[in-house]
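Undergrad: Feature annotation from TrEMBL assigns [2Fe-2S] cluster binding site to Cys87, Cys92, Cys128, Cys132.
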Amino acid sequence: MATLPQRFDPEQYQAVTREVLAAHRDEPGALLPILHDIQDRLGAVPPEVLPLIAEDLCLSRAEVHGVVSFYHDFRASPPGRVHLKLCQAEACQSMGAKALTAELQEKLGLQLGETRPDGSLTLEAVYCLGNCACAPNAMLNGELHGRVDVEDLLDLLEEQEARV
């Protein structure tokens, strides 16, 4: 996954979006594949590209915005270099996910949905990582971890932050 440049570059966003639109516009139900491809390439779906997508697909801006805002996986800004997703679904809650999340938030000084100002870490809530039998679950930079506790996650974060 690419990440957005530190400085806003509307020309780059537009160029990537045009490239993605050209690749997918003739597919049935093209909007979701287009949004996923843009996010894969830029690390997010910048709000600045929504009008271009809407115009190309003959949709209203509201329709495109509605899809982006409905699906929690789409982001308007890129995550931190280390991206920790904590499952908040029922199976994980029954195995202590709420307490785990609260303690981790306190130790990291971050709330769910926040990114450190230096862009080093994003903490995000997700609702089911598909590993319910091994709850509570977390995903760290795309890698699934089950039966985690706070110490496990702090160790994993330390290892991951050393790599990036």
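Using N, Cα and C of the backbone, Cβ positions are placed for all residues, glycine too.
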Undergrad: State the three-class DSSP label for Cys132 ([2Fe-2S] cluster binding site), counting H, G and I as helix, E and B as strand, and everything else as coil.
TA: helix
Undergrad: For the recorded [2Fe-2S] cluster site, whose residues are Cys87, Cys92, Cys128, Cys132, find every other residue on that chain with a C-beta no more than 8 angstroms from the centre of their C-beta atoms, and list them by sequence position.
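TA: The answer, listed by sequence position, is Gln88, Ala89, Glu90, Ala91, Ala97, Tyr127, Leu129, Gly130, Asn131, Ala135, Pro136, Asn137.
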